[in-house]
Amino acid sequence: MAITKTSVTLLLLIIMAASLSNFSVLASEIKPTGRVDNQCKEMCSATFGDGKCAADCRKAGFSSGRCLTSSPFGNKCCCT
């Protein structure tokens, strides 16, 4: 009986501690870590491909870049 009472008390303390903890870290706003200005500037071509695009993006402070050909980008070098 004493073990059950101790176990229930410990369980209630854990539940109470978890409910009183600050969980705002999980609900915090996601903010971009890099630059957020126009990320698709240069047009890609036969001479300006993924390699040059990635190099230019790294020089501009982005982590990477590649040529995107889908309709909203229109064959531009987009940095990420």
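Heads up, the Cβ atoms here are built off N, Cα and C, so glycines get one too.
Per Swiss-Prot, these features apply:
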type: DISULFID; residues: CYS40-CYS79; note: disulfide bond
type: DISULFID; residues: CYS44-CYS67; note: disulfide bond
type: DISULFID; residues: CYS53-CYS77; note: disulfide bond
type: DISULFID; residues: CYS57-CYS78; note: disulfide bond
type: SIGNAL; residues: 1-27; note: signal peptide
Ask   = Any idea which of the disulfide-bonded residues CYS40, CYS44, CYS67, CYS77, CYS79 has the thinnest Cβ neighbourhood at 10 Å?
value = CYS40
Inquiry  = Long-range neighbours only, meaning 6 or more apart in sequence with Cβ under 8 Å: which ones does CYS78 (disulfide bond) have?
reply    = GLN39, CYS40, CYS53, GLY65, ARG66, CYS67, LEU68
Inquiry  = Just to verify a number: CA distance, CYS44 (disulfide bond) to CYS77 (disulfide bond), in angstrom, no decimals.
reply    = 6
